[in-house]
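Q: What TrEMBL lists as substrate binding site is 8, 9, 10, 11, 12, 13, 14, 15, 59. As annotated by TrEMBL, active site, tele-phosphohistidine intermediate applies to 9. According to TrEMBL, the active site, proton donor/acceptor annotation covers 83.
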Ligand SMILES: O=C(O)[C@@H](CO)OP(=O)(O)O
């Protein structure tokens with residue numbers, strides 16, 4: 001890819017209920033999450049992309065379809081953009097998860113998520129929107145910022161926010177933005 005806009009899905013019932021879930025078809029977007037996705041679609045309206053790639057998880061696919069109402073592109077699902085694998089903690093409330101490292105908890109590692117997301121980005125040519133999840137997006141940004149898991153802990157990726165990367169120059173142009181600057185909009189005209 002030349003440029004990528006990484007978008008976290010809108011608020012879903014996993015977030016509303018404080019649950020970690022990588023189940024494919026269980027948790028939909030909330031009304032708020034639908035509105036968030038619509039707002040992001042409006043920001044992207046009229047801009048040109050080579051396609052939308054989405055995590056196969058329902059909340060991401062719903063977000064991609066709402067955004068695509070403004071873009072009318074082909075949407076591809078790609079497992080490399082999927083949510084973290086939470087292991088035995090899949091479906092559990094965040095408050096009930098012991099305060100241990102991901103490795104100790106048997107969850108998918110920071111490195112695994114980083115490499116699958118970078119692999120996805122490097123396997124498409126052109127400018128794409130990628131709809132994914134908070135942690136995988138944080139992994140990509142940390143990669144370009146040359147930060148590790150602990151050092152990038154503060155990267156809080158809001159629902160339906162846009163993080164923009166010039167992939168060829170390995171340069172982050174925006175992190176977790178709800179709007180696009182005129183300079184960034186020009187790239188996709
Ligand atoms: O549950 C969360 O906090 C994140 C973790 O990646 O998932 P999602 O972005 O799907 O809400």
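Keep in mind that glycine also has a Cβ here, set from the backbone N, Cα and C atoms.
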Q: Give the helix, strand or coil assignment DSSP yields for residue 10 (substrate binding site).
A: coil
Q: Taking the center of the Cβ atoms of 8, 9, 10, 11, 12, 13, 14, 15, 59 at the recorded substrate site, which other residues in this chain have a Cβ no more than 8 Å from that point?
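A: The surrounding set, listed in chain order, is 16, 27, 29, 30, 33, 63, 159.
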Q: With an 8 Å cut-off on Cβ-Cβ distance and a minimum sequence separation of at least 6, pull the same-chain contacts of residue 12 (substrate binding site), or say none.
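A: Expected: 27, 28, 29, 30, 33, 58, 59.
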Q: Rank the recorded positions 8, 9, 59 by the number of other Cβ atoms within 10 Å of each Cβ, and give the residue at the low end.
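A: With the recorded positions 8, 9, 59, fewest surrounding Cβ atoms within 10 Å: 8.
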Q: Give me the CA-CA distance between residue 9 (active site, tele-phosphohistidine intermediate) and the residue listed as 'active site, proton donor/acceptor', in Å, as a whole number.
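A: So the Cα of the residue listed as 'active site, proton donor/acceptor' lies 11 Å away from that of residue 9 (active site, tele-phosphohistidine intermediate).
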Q: Whose Cβ, among the recorded positions 10, 14, 83, has more other Cβ atoms within 10 Å than any of the rest?
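A: Buried the deepest by this measure is 10.
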Q: Would you identify the secondary structure of residue 59 (substrate binding site) according to DSSP, in three states?
A: helix
Q: To the nearest whole angstrom, state the Cα distance for the pair residue 14 (substrate binding site) and the residue listed as 'active site, proton donor/acceptor'.
A: 12
Q: Between any two of 8, 9, 10, 11, 12, 13, 14, 15, 59, the residues recorded as binding substrate, what is the biggest Cα to Cα distance in Å?
A: 14
Q: At the level of the C-alpha atoms, what whole-angstrom distance separates the residue listed as 'active site, proton donor/acceptor' and residue 8 (substrate binding site)?
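A: Residue 8 (substrate binding site) has its Cα 10 Å from the Cα of the residue listed as 'active site, proton donor/acceptor'.
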Q: Three states by DSSP: which one describes residue 83 (active site, proton donor/acceptor)?
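A: It is coil.
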